[in-house]
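These features come from TrEMBL:
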- B:67-254: domain 'ABC transmembrane type-1' (DOMAIN)
- B:12-34: transmembrane segment (TRANSMEM)
- B:68-94: transmembrane segment (TRANSMEM)
- B:101-126: transmembrane segment (TRANSMEM)
- B:138-158: transmembrane segment (TRANSMEM)
- B:179-204: transmembrane segment (TRANSMEM)
- B:236-254: transmembrane segment (TRANSMEM)
Amino acid sequence: MEPVVQFDHVTKNYGSQVAVDDLNLSIEAGKFVTLLGPSGCGKSTSLRMLGGFEMPTSGRILLSGKDVTRVPPNKRNVNIVFQDYALFPHMNVAKNIAFGLELKGLDNKSIHRRVSELLELVQLQDYANRLPNELSGGQRQRVALMRALAPDPDVLLLDEPLSALDAKLRQQMQIELKAIQEKTGKTFMFVTHDQEEALTMSDTIVVMNNGRIEQMGDPSTLYGRPGSVFVANFIGETNLLRSTVLGAEGNLTALDWNGITIKADQGGLSPKAGEHLYVVLRPESIHCSATEPTSGNRIKGKIRQRVFKGNHTSLAVEVGDGAVLNTLVHPGDVAQLAGDDIWVGWKPETATVIPDRHAHR
Amino acid sequence: MRSLFSDAPRVTLTAIYWAFIFYLLLPLTLMMAMSFKDANFVAFPIGEWTLDWYAKVLQDKQFLEACLYSIMIAAATTLAATVLGVWIAMLIVAEGIKGQVIIFALACLPAVVPGMISAISLRIFISTIDMPTGTAAIILGHTVHAVPFVVVMALTRLRSMPGNLVDAARDLGADSFVAFLRVTLPYLGPALFGGMIFCVLLSIDDFVRTFFLGGYRPTLPMLIFAKVQGGMSPEINAMATLVLVVTAAVGLYAEYLTRRARTR
């Protein structure tokens with residue numbers, strides 16, 4: 001199937017600064033795709049280029065197979081949900097949503113039908129005559145979403161739309177956004193710097209850094225098998241163990257970490273003995289116990305810090321000389337870890353190795 | 001310890017404030033009081049009170065015509081100044097236009113040039129281009145004077161406008177002109193309304209420019225001036241009082257409306 005959006009060698013410079021660097025990206029129709037990265041990584045610029053508000057310095061952007069690189073925003077079949085919603089303050093909710101429909105030249109009856117249909121989708125039927133400043137943050141968010149969906153765009157672009165909401169509402173809206181995406185079957189292109197948002201909603205996450213794609217994949221792949229130190233650090237909490245390869249053992253690799261021999265999944269690499277690699281070990285993969293585990297990687301350590309987090313307690317465990325592993329313990333298991341001397345262990349296949357880019361320089 | 005002297009600055013300030021208010025209001029009060037005097041001379045004491053002068057003013061054809069003429073000029077001035085002012089303000093906030101500071105400075109200049117200088121130069125200008133004195137010349141002069149006020153008011157509002165409102169309109173299919181009409185202009189609404197009322201009051205009040213640019217048909221200030229030349233009479237007081245009350249009411253109402261719109 002033809003991708004609905006294609007970035008074809010797109011580069012955007014601001015003076016000597018490169019915002020987007022030779023971006024190649026295809027997005028399949030009907031998917032929830034998230035561009036994830038720190039501020040200044042080029043994700044918002046990419047979105048604005050697709051919306052028509054920025055012109056690429058070079059390269060082409062295709063929308064449903066047509067080259068739209070030089071097409072002005074009002075002639076492209078994409079709509080944006082802006083970060084601060086940009087609702088028209090002098091128009092009520094219904095008028096805001098109808099704006100794009102009127103400009104499409106629809107007759108009043110169809111406009112009315114479409115508006116009430118959309119209001120129903122987000123349960124705002126009773127708010128049609130309210131002005132934007134008479135709505136709560138979450139309601140404004142929904143109106144902005146419906147206004148952008150109303151003209152039936154090929155792709156809906158969302159520019160960090162949840163960042164203005166408080167934590168609780170943000171989680172609610174994540175679920176609602178995903179539900180609306182599934183219900184409407186629209187292609188959503190979502191931009192965020194919040195890895196949790198990306199993991200919750202996306203079919204595909206595109207991690208960007210310095211104007212380039214760092215890694216692209218579905219959430220569980222990115223979380224479980226990060227392709228680089230940057231991705232491992234950016235998505236979720238992680239322990240990065242810089243280790244030296246000792247040799248392969250089947251699918252596993254034996255490594256030396258601070259004088260301790262550990263095993264980890266090869267993660268698609270074929271490590272050679274003596275090579276420096278990072279082992280990615282998620283806190284929740286580590287099991288803590290008072291007695292020595294019988295199998296897998298195991299190290300004796302001392303608890304240096306306990307932080308109560310409600311549904312879990314996170315521990316900083318010192319192992320060997322100065323090295324610290326961050327891990328977490330569920331409430332039921334805290335009691336047996338009264339003393340500071342504990343064992344930490346993990347199954348070798350839950351840890352994976354990633355290349356150490358700096359070693360090659 | 002508090003003493004009489006530690007209170008002195010505060011007491012002095014308060015006294016100066018009230019003295020100023022008194023000084024400000026006394027001439028107006030006197031003018032209004034005299035308009036009710038049942039005698040031909042503007043002087044104390046006021047023996048009998050009457051509303052006759054008002055009845056006379058309201059039947060005075062000259063006065064009513066001058067009022068109408070002033071209002072017509074004010075309306076034309078306001079229309080022209082608003083269109084020009086908004087256009088200049090849009091230029092100043094637009095991206096990618098050079099010399100915006102210079103445009104702003106030039107647009108504001110007429111507000112600070114002394115009325116006399118402005119009037120003389122306008123008179124020289126219209127005679128250079130062979131424009132006759134009269135209505136068109138007056139409107140031209142008043143417009144030049146009113147534009148800066150519209151520019152400043154529109155600019156203030158434009159600068160507080162969220163940048164992506166226009167982007168959102170464009171994104172939803174509006175070209176630049178439709179976006180301006182349907183989003184920018186309504187957003188400017190309250191500021192424009194205030195600016196327009198200001199234009200009306202400036203134009204009705206203007207004497208110097210009108211005097212230099214006008215023809216034989218008198219505007220309201222010119223008529224009052226001519227009447228004062230012929231000697232003071234309570235009729236003039238009644239006329240001035242009427243003008244004062246109406247303009248004050250319009251100004252206050254405009255302020256009330258813009259305030260309400262701003263808090264919305």
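Just so it is clear, glycine is given a Cβ too, placed from its N, Cα and C backbone atoms.
Automatic prediction, not curation, is the source of TrEMBL annotations.
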So if I exclude everything within five residues of the ends of the transmembrane segment (B:236-254), which remaining residues of that chain have a CB under 8 angstroms from its CBs? That is, six or more out.
28, 31-32, 34-35, 42, 53-54, 56-57, 63, 193-194, 197-198, 200-201, 204-205, 220, 224, 227-228
Closest-packing stretch to the transmembrane segment (B:138-158), where packing means Cβ pairs under 8 Å, from B:12-34, B:68-94, B:179-204:
B:68-94
Could you give the residue numbers and ranges of same-chain residues that sit at least 6 residues beyond the transmembrane segment (B:12-34) on either side and whose C-beta is under 8 angstroms from one of its C-beta atoms?
42, 46, 234, 237, 240-241, 244
Hey, which bits of the same chain come close to the transmembrane segment (B:179-204), Cβ under 8 Å, at least six residues off its ends?
70-71, 73-75, 77-78, 81-82, 85-86, 90, 142, 145-146, 149-150, 153-154, 156-158, 161, 165-166, 168-170, 219-221, 243, 247, 250-251, 254-255, 257-258, 261-262
